[in-house]
Amino acid sequence: MNDTKDTATQAAKDLGDKAIQVEKKIEDKLTYLWNEIAPWQQDNAYITSGYRPQSNSYAKSWKSLLYIHNETVNIYTHLLGAVAFFITSYFLYGELEPRYETASREDLWVFGCFFAGAVACLGMSGTYHTIQNHSHEVAVWGNKLDYLGIVFLIWGSFIPVLYYAFEEEPGLMKTYWTMITTLAAGTSVACVHPQFRTPALRPVRALMFVLMGLSAVFPVLHGVKLYGVEQLRKSIGLDWVVLQGVLYITGAGLYAARVPEKWAPGRFDIWGSSHQIFHVLVVMAAASHLVGLVKAFDYAHSQRSAVNGPLGWAAGL
């Protein structure tokens with residue numbers, strides 16, 4: 001009888017050990033399938049694998065930078081993008097500041113607005129996607145950071161365009177600056193205030209983002225009416241601004257439609273999903289905007305320097 005009892009005890013112990021081993025394997029497992037993750041993590045059913053488990057640890061979430069999962073591309077495209085724009089701001093200042101003696105603090109300020117918006121947007125986005133798997137609570141406030149970053153990028157992109165578009169119309173420039181700043185402030189509140197975060201007010205939040213994005217159309221059309229398309233192509237780099245818009249809209253459209261992963265669920269889990277394409281296009285759009293700003297800067301100061309004369313090596317241009 002004692003032997004039977006000992007056997008039962010040993011069997012129970014073995015079963016307990018196996019259970020512990022299974023739990024350990026689960027803890028050590030780096031990525032999960034769609035049906036293995038918590039419901040709050042389930043967003044896109046066409047992405048079937050590569051999910052990080054809920055970590056409940058910032059350290060564990062940041063350690064996920066060291067292995068491949070379905071957020072890797074989203075994280076690195078925007079974290080590296082933020083670093084790239086930060087470094088570019090430093091080198092571009094050294095390149096542009098001495099180019100014309102007419103360059104002013106206002107040029108520095110408007111370029112600073114753009115770079116601050118780009119670095120904030122990409123940095124916040126990369127951070128959010130890194131810590132997203134921490135917990136539901138952290139994912140919620142991280143998502144707020146993500147949306148705030150978008151607001152900063154839109155605002156920071158508008159400020160220099162309006163400056164170079166309406167340099168000869170300071171009153172009009174300030175009116176549009178006030179408009180975009182007011183919209184940015186209102187949209188920021190909608191992003192973070194609990195009252196505006198309810199499902200019932202989701203259309204209101206969406207409407208504010210749409211209005212903020214579409215507000216670019218009005219000053220551009222106004223500029224076309226005042227100066228003509230050809231002049232805006234020179235004064236604000238209109239072609240590059242339009243390209244920026246096309247890239248943003250294309251990325252947002254693919255993201256909303258969940259293309260291409262909806263055509264082949266599971267094939268684009270790690271590489272090539274709509275969200276990843278959107279992230280790449282956002283970086284490309286910001287780069288396009290920067291090219292337009294540099295062209296706008298060159299045009300504005302070449303016009304002034306026609307009277308004052310360019311400084312240094314620019315005299316030969």
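Just so it is clear, glycine is given a Cβ too, placed from its N, Cα and C backbone atoms.
Feature list (source: TrEMBL):
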- 75-96: transmembrane segment (TRANSMEM)
- 108-127: transmembrane segment (TRANSMEM)
- His129, His275, His279: Zn(2+) binding site (BINDING)
- 147-165: transmembrane segment (TRANSMEM)
- 202-224: transmembrane segment (TRANSMEM)
- 236-257: transmembrane segment (TRANSMEM)
- 277-297: transmembrane segment (TRANSMEM)
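Shown here: features listed in TrEMBL, placed on the structure.
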residue	record	Cβ contacts under 8 Å, 6 or more apart
His129	Zn(2+) binding site	Glu71, Asn74, Ile75, His78, Asp146
His275	Zn(2+) binding site	Asn44, Asn74, Tyr255
His279	Zn(2+) binding site	Val73, Asn74, Thr77, His78, Ser125, Gly251
Margin query: Give me the sequence-ordered set of same-chain residues, not including His129, His275, His279, with a C-beta within 8 angstroms of the centroid of the Zn(2+) site's C-beta atoms.
Written below: Glu71, Val73, Asn74, Ile75, Thr77, His78, Ser125, Gln276, Phe278
